[in-house]
Each structure stands twice: as structure tokens, then as C-alpha cells.
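Taken from TrEMBL as is:
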DOMAIN    104-195  domain 'Ig-like'
DOMAIN    226-306  domain 'Ig-like'
DOMAIN    320-415  domain 'Fibronectin type-III'
DOMAIN    448-543  domain 'Fibronectin type-III'
DOMAIN    549-644  domain 'Fibronectin type-III'
DOMAIN    649-750  domain 'Fibronectin type-III'
DOMAIN    757-856  domain 'Fibronectin type-III'
DOMAIN    848-941  domain 'Ig-like'
DOMAIN    1228-1321  domain 'Ig-like'
REGION    1328-1354  region 'Disordered'
Amino acid sequence: MHPYWTFSPSPSHPLLCLFCCSHEVVRGLAEAQDEVVKEEGVNYVAMRNLFVRESQESMTLTVEKKTRKTIVRESAESLQLDRKLEERSEFRKKMNSDSLCHRPEFVVRPRGQTVWEGRTLKLHCTVAGWPKPRVAWYKNNVLIDAKAHPEKYTTESNYNMHSLEIKNCEFLDTALYHASALNIKGESSATATIVIKSRSTKAVKNHGVTFETSILDKFEVAFGREGETLSLGCTVIIYPTIKMYQPEVVWYRNSVALKASRWVNSHWSGQRATLTLTHLNKEDEGLYTLRINTKSGFDSYSAYVFVRDADLEVEGVPVAPLDVRCHDANKDYVVVTWKQPAVEGSSPILGYFIDKCEVGTEHWAQCNDSPVKYARFPVTGLVEGRSYMFRVSALNTAGVSRPSRVSDAVVAMDPSDRARQRAGPSAPWTGMIKFTEEDPTVGVVPGEPSEVVVTEATKSYVVLGWKPPVQRGHEGVMYYIEKCVAGTDQWQRVNTGMPVKSPRYALFDLEESESYSFRVRCCNSAGVSEASGSTSNITVGDKLELPSSPGAVTVTRNCATSIVVSWAASREVKQLVGYYIEYSVVGSEAWVPSNNKPVKSTRFVCHGLTTGEKYVFKVKAVNAAGYSNSSPLSDPVLVKAARGGSLAVPGKPSAVTLVEAAKDYMVLSWSAPASDGGAEITGYYVNYRTVKGEVVGKWHELNSKAVNATSYKAEGLKENLFYQFQVRAMNMAGVSKTSLAAKALECKEWTITVPGAPLGLHVLEVRDTSLVVLWDAPAFSGRSPVIGYYLDIKEAAGGDGAWRAVHEKVHQIKYMKVTGLSAGTSYVFRLRAENLAGVGKPSGVLGPILAQTHPGTHEIEVDVDDDGVISMIFQCSEMAQDSEFIWSKNYKSITDSSRITVVTQGGKSRAIFNSPSLEDLGTFSCMVTNTEGFSASYTLTEEALNRLLDISHEHKFPVIPFKKEMSMDLLEKGRVRFWTQVEKCTAACKVEYVFNNAAVTAGQKYSMNFDQKTGIIEMFMDSLEVTDEGTFTFNLVDGKAKGTTSLVLIGDEFRELQKKSEFERAEWVRKQGPHFVEYLGFTVTEECNVLLKCQVRTAALCPSLKVQRISKSDSGVYEVKLRDERGKDTSTFDLTDAGNRRRIRSFYCLSKFILMNIFLFDLRESKITSSTRQECGVTGEQLWLKINEPTEKDKGKYTIDIFDGKDGLKRVFDLSGQGEQCYLTSFPDRARVVGGLPDVVAIQQGKSLNLTGNVWGDPAPTVCWLKNDKELVTDDRYTLKFENGKYASITIAGVTTADSGKYALRVSNKYGTENGDFTVSVYTPEDEDKKDEWDRAISESRSPQCKISTAEAV
């Protein structure tokens, strides 16, 4: 039906508009007209009242005659009064710093609107107030969270102007909206009614059918890759089915309806709706919505589509940019914009290249010679009337990316011509053509352009814009642009070759940081105009700064493969394009973009994650200037389904009861909802309404800020009035439905004397045999304060008579540990409070609580780290995403960080003692929220504190342990070796060598060595001088650990060591020529002859002199002299009474007795011969008999008979009695050397010597090796081993002549000690060559080089 219009004059109105239209349209216009009339009527009444009041005031006149003197006096008094008032006002302003503050006031209120469904609407308001008020939007008194629903709502606040945008309106959006402004001075609100009308109202009435829509086989979150084809589809069932009727099927991407194109195709088969995305690109990423519109309403379904980048052709290059668009197109000029990609590649993006292609051709031409950094570029030099497409590529050090998807085609033409083309013909064709002759304007010089401004300025280019001249004739005009460097008067034309047609121009190749001014001239065939006004000086440089990094990132578990990521918006950002979210597996350095198309909201759901993996997330902002720095990393989050499968609003609270009442307030309590929706409940909201008989009022909100406890004190009530209350719970997913309204409660003061029931009973630290019960004080304490509590317990299966008291005496603190429980048994608890008037009624029953330790429960561990820091550690292996560690002392949350510092990382929390002292004694507990009750406690006593402080001191000031304190060895050449050995050290251990408090370093006098593997520290000195008397010290530093060891060499000890050193050095000098290895000595042969012998450097050369049947005539001093071209050496032997004569005579006699005249007899008068079991010998002047492993057969009398040919001597020893048995059994397993060691070892210099001795003893003996009566230790030259308690070995690597000497293997246990002696002689190859010469010389005669002479004793 087409409306028609008629006009008829009217006496009251100059023109009356009559029209005919449909009934609904007429009714809508009539309603609108009624509102206008009402508004005009209200305004008329207000203006009339104002005029009447003013007229009445003006009609009241009083005439009074005053003298001039009176008038002057009154004027002076008035001026004085005004001055005083002004001074007082200024004084008050100075004294009152809050004079400028005022409550919020709506300057412009939001207006109600009526729109069709599917449209987008905005509510606007302007609010004044100081401090600047904060504005929140509500729908039917429910707070609108735009960040949680960015696809539906968008809020903005700029310069006291606030707006709420509602996208894709639907019927459920019909509601009362109000804006609430709040600051410290108060709160103000304004409301607006929004009505959403359905387009199918008339059709529904006409058909009289109500359609029901069901969407089945819904498409899930989808993932595609660039270049692929992706299809989305749903099965739609509409009941009833009418053949002649088909629903409207509309697809949306990010709330924008999609239209068919070469990239998008949709299909409706009658039962299935399908959307096909051909050749996917990152522009196709977003939230896709299928909307089914029927005559009875609509139904919709949404899911997100992610588009991944195609595989890179060259590793490290960036991915392609996206969303290339054209703006401000003109005759020869267009601005191309794009969005930066999510992945920059192996290095940051250096810039972008822009390509253009004329429609109808396939030739792409590059628009810029050098890469541009900004994601915006003006393209010039277009041909008017032709269409162009554009694409963009990114560049970094690795190469150039693939080009982006091409932009939509744009025509290079004047914007006014484009507008006329879009508008179409302005009037219908009448069939008549009229010609109008006008004055000729050919030859008119155009006027100058106006309003020349710089529209864009970067370091790469500057864009100018201006208005065309008013006077330009009928022919077109073109423009010349001129520039001038600041501070000069020289203007230079920029486009000398070709004037431009568009009133826009981009200037390139300007010097960065240089200032310029610009002006424009017009030209046509008649000439060039005057120059326009010049712009102000513009400095070439980037005007748009990079955005600041986003704030803290919060992650929340969503489902088994997705995580909800939220973050704080960038504080300093202009022209924000959006945010990119990246994630990485914990422990990996690879970062993967979650979205390849930037999002502007600060909340995003990351899909496609691996269940069971831990991830961290970061966010970066992007604008045309580039990327911001990344936000701080989120906490690691384990990907698994939220409790209950997915997040939802909690269930309804229950059992709203009154626990205390007074004249103007009531205290309420309630039970938490049975379901928390998969996330921790963060608070509660309480509503109330008045009840007068059967009339109930409207519900009002009591608390604008959520309360955490399950109780609330409702204040500001009126006495003797009845009220009803209801409660809503809230978690991060939203607010629950309201609880059932409580019965009407009267607000009047209670007269009860005993306290009310305690509140908030709950348990922590549930174990097999114990748990901790905690509670809050009762809201009503009665007529006197509460003095204590009584806790009752019973098994859950027991009856009312099974209640029993946990304790007998009153318990004053508000927690108690209950012990003695049976594992696997369920218990319930109740609590009563007591004051001076008596014991109050019991609380509600808590439980049943199962006494069972939850699997995976950890106890609190006390730790002292290497720095001596004392801390308590609690771990939880089953944390939810929003779980937190709550530390308490004596079950009160720790808020003061001066004593305790809490550090939490992942599933471990550490409470660190800042300065441990007696103030910290008490019970510390830790609980993990939003879990199955994971908690534990630790009681710090004074004894435990002292023990921890001792350990802390040891860790703060550690000491390096020494395996052996500093010792001194005298080496070959008289060198002195100071050494020590530490038990353990690290590679960072450093040694300072000190002598008499002065540090010494390696040089001519000292040499140092530190073997960190063995821990041996050495310092060598070539000789000892008089100035070397004092204290030698090694100072060790290994990280924080320190160690010191010293050796004092002073007085007689130092002088003795100095003499030994000088002797050893002289010995070494002596040994450089011919010298004695063994000096002249004697042995008694078996024939009782005395053999004087010595050994020179060659081991095989042993000069000797045999003295037969030694007598007094042989007394004297014997001397052996060595001499050659290298030097000489002398050895003497004193065979006098003052020397060795008596000793030789004793050996002579003893040898004679032992070898010739010693006979041992047992009871059978049999002679004992030497064997492996029975050995005899001489040590000094002692004769001995050794019986190895004696038995019963060895009992008897032993006799020794000594005879020298003249006299004899006999001794008898009885081993047959009690003493004999004691002797035989007292030392059965004395330590001894069984065998394996030779008497003499001759070895060539440079070879390795390895000897093994067999030892025996029970208990197993301890062994040590001696050289010249000094104990040897394992070092780089000596390797000492003792294996299986039987085999002792010594290895000398690379023997030298200094290794010659007397060695011994000493074994010992509690039964005795024994030495196995042997001699080591080291010779050189040169000695071996001289062996033959010595043999020949001795065989012929006494060599002049080796002369043995005798001399009588003086």
C-alpha cells in the first residue's frame, strides 16, 4: 500500500499534514505525537508559571522616600558588607579543600529508543561531577559486563561523554536501562526504556501460526589454513512445516551480516543452512553466527573460526599482512591501510611494500621504493576513471612475505562524482530537454585554494589536504604544491612535472626531523592562481607512538581444550587496531599465535590447546605505528576441563534466616549454593522489599558491592516494619538466580539474654584421624560478650542421643583441632556459644565430614635455603585455574607482609620469614581455594625456632671442611711443600696464599697448584731463608663458604726445617756427580765374616771389603772415595770402640750363635727348624722365635742353647700351663704382613712401580705406607689402595731418583702392629752403561777412583 499526501489550510495551523498508511504505522506515529504534545505541555506550564511569578513580583511595589545622606550611608554600608562577604567566601574556599567537589549530575540523560530487531543502537549520556565520576550501565538492575560479552555490548567513556552500544538487538534486549554515576560525593542515575520490535508481527497475526525453531548438528569451533576451503553448517528444524513459507537465513561474522562474494557462499536447502568460505584468509577469522528469522521470532547459534597461516616458503620471513582497505579515494590519489600480521618471523618487521594492479589486467606494480613502517600509505599517480586493487607484503631481514589478500577495487574519481553515482538520478525523466545559455567563463584564472592543512605526518611522508577555490570556471582545475624549509623564504615547487587533480597530495623524500611549511596554487588553461595561505611549520617524524604494553594477563580454565585469557588494556595507546594473544608450552621457547586477526576486547577464548599440557600466555597491542612490548607472562595453567565440565553461573543460595534483629537493622545468614558453577563463588548480593499485609513492594538492592561471607547486616531499616529478603551468588561466569524469598521478618529488637548461634562453621585439614573446625562469632552476643564455645560431635549415622562434647572446659579461640577420629567414618558437628547469662542454642549441623586423607595431600615443609632464609612450603597438585594459596597465622589470614612474605609459583607456595623471632611463634596454616579442601598447618614452637635459627646461621656463614689441615713436606733439592686437602669444593672455589698477613703470588720464589678434583692445595718454595720464618695461611672462598688453615714455622722448628732443607739441597747437588746411594756399612755373613760395603749411583756397583774373623786389630776408620770429572763423594765408617766395633762384635757373636750354635728343643728334645709356621731371627740384640697360627700341638717347653766354643748359655720357656693357653689364644689374629713384598726393588727412572702386599688380621687391620718413616698420602704421584681387607697396593707413576729410599707397609689392629720393609733403588740408563767399567776395575785391582783405606782410631 503506497501512502498519498494531501494539503489543506487550517485556521489554527498554517499547514495540516494528512496521510493514509497502515494501522500499525499510524499508531506508532500517534504515540510519538502524544509524547511530543506532552513534552510541549510540560514546557508550556513551566514557562507560564515562571512568567506569572515574575509578573506578580513585578506588580508588588513599595515607594519610600530617602535623603541623599541616607542613600550615601547605605551605599557605603552595602559596599563594606559585600567586601566582608567576599573576604569570608575566599577564606572559606581556602579552608575547605573540598569546595570544588560535587556529586555527579547528568547534563544529558540517555533517551529511550524503539528499534527493529537485528539493528545496533547506542545510548548516550553526559555526566558532570568532581572528582570525575565512574559510570556503570545496568539492564533491569543487573550490571552489564561489556568485557565479558564483547560480542554484544561495547561501552565508551570520553571527556565525560558515555555511551552503551547494543549490537544485533533482539527481543530479549527490551528492558529498562539505567546509567549510574558514582564519585566520593555521591551517586546519581538516569534511566531509559529500550523497546525491540519484531518485523514479523503483522505476518504472525495474518498467519495465526507460531513457529518453533530448533538448530541441530551445530558446527563446532573450526580451524582452517590459508588457501583452504571451509564449510560451516547446521540442521534447522522448523515446526510446523508450511510449504509456502521459508525462514530468513542470515550469516554473521563478528555481528556483521555477510553478503555473497567470491570468498563467501551460503546455501539453504530447506533443512540445512551451509556457509562456504572459499580460499580462506586471515580476514575470514572471527565469530560466525547463524540466525534463523521466522515470523514468530528468531534463533541463533555461534562458534569461532580460526585461520592459521599457510606454510612459509622461506624460513624466518614474516607472514602476510591482512585486511587491506582503501580510503579517501580521489582522482589520482588513494590511502591504503592494512593490519600487521601476528607473526613477525625470525626478526622484527622492517617495513611493508604496497603493490597496485589495474582491474582487468594482471600486472602488479610496486608503489613504494623503500619499505614503509606505518600500516598506512598514500598512493598517488592514479589515472582518473580507472579501477585499482592493492595488496601488501611485509619485509624483515630473512626476506619478503607472501602478499596479502587483494583489496576491493576502488575507482580513481572525484568524491562528488562518486556520491552522485551512488545517489542515482535526482528527478524522473520527463521527456523534455532544456538548454540554458550561460555567460562564458573561459579564460578566468581560478582563485587560490583555502584551508591547507597537514592531514598525516610520518617520517616517510607528509599528506596535505585543502579545499578547492570558489572561483574556478566550468573547466577543471589542477594544483601545484610548494614547500619551504623553516627559517628561510625560499619556496620550491614539489610537482614541477605534472599538476595534481585531487585536493590531496603526499610528499615523499623529506628530511627527517626537518621542519617545513607548505602552500598550494591552482591552475587551469587561463593561468596559475595566487598561492594559498601557508601551513604552520611541520616537523617530519612519526606522530603516532607505539602503544604501551598490555597489563597483567589472567587465565581461566574453560574446557578440555580451551583457556579464557583476560588482560588489562594498554594505558597509552592511540588508534588501537587490536591485540594479539600468544601461548607457549611451559619449558618450550616456541610461541604460537592464538589469533591471526587482532581483537579489540580484553577477553579472548584460546581454543585448540592440548589437554594435560601446561601453557603460559602473553598479549601485545598493535596500532598503525607497530607492535607494543609484550605483556608480562601469565601464570602457568594446566589445560583441562573446569569443575563441572564448563563454567556456568552458580546455583541459588538457600535457607535465608534471621540471626539477630534490632530497631534499625537485621542480621541475615544463608547457605551457599550447592553448585558453584565450576568456579569459586566471589560474593553475594542481597535484595529486600517491604511487606504491609498482603501488599508487597518492589525489590531493592541492599549492597552494591558483593559480600564474601554468608551473612549480612541489613542496616537503615525501619522499626516494626516487615521485610522479605532474597540472595544471589556470583562467580566469574555471572550472577545466579535469586534464592527463594524468606518469610516476612519484623524489624524489632530482640530481648534474648544468651548469645545466638555461631556462624560460618567449616573444616580444614581433614585427615584420617583428625581435622580442624573453624567458626565465626554469633551475630547476636546477648546481654554480655561471648566468653567461649562448646563443640559437639557425633557419627553421622548416630541418633540425637549420640552427641558428645569434644572438650569439657570452655574453649575461647574460634578454632579447634579434633583428634582421635576413625579413618573412613563420617562425622557431624555443632557449636554453642556461652556468655555470662548462659549457653545459647546450637548452630546448624556441619557435615557429614568423612575422616579421610585426600589423595595427593601434602603437609607443610619447613626449609632453610643456602642463604639461610627460613620458609614454609606447601604444595598442591590438583589446583584449579582460579585457585589461590591463603596463608594464615592462628587461622587468621596474614595481611601484614612485615613478618611474612608469600611467594607463589604454580602449584607451590612459600611463606618466608622476614626476621624470625619469638613474635612468629604460633600455628601457621595454608589452604588452597577452589579445590577439594587441600590444607595443612605447622606449629612453630620456641624449640623448633631455635633449631631453625642455628641451621640458618650455618647456611648464612658456611665453612669449607678440610680433610687434612695444612702440612709441610720436604722435597728433593730442599724444596718445601705446604699443602692441605678439602673434603669438597666447587669449580668456583678460589684460594688466597698468605704469608705473615701479606698475600703472595706465583713467581720466582713461590709456585702454587690447586687440583679441584682431589681438593689438594699446594704451595712450593725452592728454599727457606731467614726471612721466611712466620705463619703460612691458605684462605679459601667458595661462593658464600669460607675456610682458613695455617701453619706456624718459628723458632727451633723453623731452624731445624731450614737445616734439613739446606741438607737436602746439598744432597741433591752431591747426587749430580758420582755419589753414594747407600753409605758405607757392614753386614755379618753366614761364615761370621764382617763385610763392609756401600752402594753407588749404579745399582749393580757395590764396592765391599771383607774382614775375616774381626778382631781388635781391625779397629779404625774406613773410608771410600768416589771421584770423576763431574765431582767427588766420600763415605766413612768408624770401626772403633767409640764407633761401631761393639755393635759389629755383637752381631758377629749373635750371628755365630744363631746360625751355628742355636738349638731349640720341645718336650721330645727335637730340633726346631725354620719354616713357614715357625720362624726365628735376630732383631738388634734380641733373639726371637715366631709361631704362626699356633695350635694345641705347639704346647710344651722350648729351650734355647747358646754356645760360642768356650762358654754356653741355656734358657727354657714353658708353654704347657695356663699361661701358655692364654698366650696361645690372646692374639690369634694380630695384624701382620703375610707376603708379596720384596726386600729390594731396583727400577729404571721414568717407569711406574706397582707393589702389592698381602695382609692379615681380625679385625681387619688398617694400613698405611711409609717412606723414610713419613706417612704417604694419595696424590698425583702416589696411588694407595686397600681392597677386600687383604690386599694393600702402592703405585708410583714415573719414578725419579728422589723416590729412592726405605719404604714400609704398616698394618695394625687391636692385637698388634707389624711393618713390611723394603728398599727402592732408582737408577738411570747412564748408570747401566757404566756398570761394566766398574766390574772390570774391581776385578783387576783397586781402582784409583774407589779406594778403601783403614786408619787407626786416634
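Just so you know, glycine gets a Cβ as well, placed from its N, Cα and C.
In the domain 'Ig-like' (848-941), helix, strand and coil residues by DSSP number 3 helix, 45 strand, 46 coil. For the domain 'Ig-like' (1228-1321), residue counts in helix, strand and coil come to 3 helix, 56 strand, 35 coil, using DSSP. Tallying C-beta pairs under 8 angstroms between the domain 'Fibronectin type-III' (549-644) and each of 226-306, 320-415, 757-856 places 320-415 first. Counting Cβ pairs closer than 8 Å and at least 6 residues apart in sequence, the domain 'Fibronectin type-III' (320-415) and the domain 'Ig-like' (226-306) reach three or more and so form a contact.
With DSSP states grouped into helix (H, G, I), strand (E, B) and coil, the domain 'Ig-like' (104-195) comes out at 3 helix, 58 strand, 31 coil.
With DSSP states grouped into helix (H, G, I), strand (E, B) and coil, the domain 'Ig-like' (226-306) comes out at 3 helix, 48 strand, 30 coil. Mean pLDDT for the domain 'Fibronectin type-III' (448-543) in this predicted model: 83.
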